[in-house]
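Down below is the structure, laid out as structure tokens.
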Amino acid sequence: MYNTSSDIWVAGAFAAIVVDFVAYPVDTLKTRVQSPNYEKVYKDARTGAMQRNVLFRGLYQGVWSVVISTIPASGAFFTTYEAVKNIMYNSSTNNPTSMTGGKKTAPEGSLNSLRLPFTHSLPTPIMHGIASSMGEMVSCLMLTPAEVLKQNAQMIQGRQTNKSAMGQVLLRFRRHPWRLWSGYTALVGRNLPTTALQFPLFEYVRSNLISRWRQRKASRSNTGRPPSEQSEQLVERAGLTGIAGAISGTVAATVTTPIDVIKTRVMLSASDSSAGSQDQSTKAGAPGRGAVSSERQTKINTGKSLISVGRKVISHEGIRGLFKGGLIRAGWTAVALGMYLSLYEGGRFYLENRRKERDRINGKLGKQTDEGEEVI
């Protein structure tokens, strides 16, 4: 891998920002469908028909909290993921080969030079699962406040006040800002199983797609050489990566939908809790729509554990309640993750070629052979 940590950070942040703007409206719909107030707020009480003008209003509410947090969080995830993956590769007795093929001459400070003080023989999927889990735990520290703000902003109805949705949510957390991290356990509880399943499956699907791609090209050209032209390499790295990401994302999102529903409920309750505390601290004025009684406040505070929230969903809505928004989430994840990983790999490819060309001009790198090896 001819990328430094800064290359990975830039590529990951760029991919995440683009995907955030493209996929955010679908994520807003998913949050609203999974909310406990979906039937009351978004359906007509008399006919039971969906109120489309309400459901589809303000689909970009809270988007800036995600965009701002995405830059450090995505960079932190991929930097940690690639670092841990390469460290485990270098320390493995199996030493898996690179997905892109060929030997690479790593620049100074690259992740290829790192290794554990001991060797191991863990299977490759386990290494991918550990690497993705470590990356997710780091990124969730940065994502949790933005996720809490985002999901609460997505539930704000545009006609309540003249203030922006994000302004209303920030006001709720003004007295208790630490509650912005109240959903960390729920977010990690959702993301760890998702990434632990998603990335090993992604790496497996991608390796098979690349292998078939190369075999098909070899049969057409009657040579066993991998593609040497940059356009063909871009298709291999970015295009096939996107397809593999879409497939793995769909499977992982479908399986982990119940955890996502519970996570959404926990994060929405954080805002209710803060709003309730604020209302109770105000002596004057009539209770507003967001007022929470002390009895409900106690229930929220004591019922935030993932298991208790899950039981509450099942008791009130049945098993189907745990799969609310599952179809939306699966489709959204397929598009978002496929685009995300494709842009990320394409960005890395561009930065890698630019770095190679610069080092070649400076005399630090030799010519590239047809087999993809760098010759000094």
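Yeah, the Cβs are placed from backbone N, Cα and C, and that goes for glycine too.
Given the ranges 215-235, 299-319, the record in TrEMBL names 215-235 as region 'Disordered'. TrEMBL lists region 'Disordered' for one of the ranges 38-63, 142-167, 272-297, namely 272-297.
According to DSSP, the secondary structure content of the repeat 'Solcar' (3-87) in residues is 64 helix, 2 strand, 19 coil.
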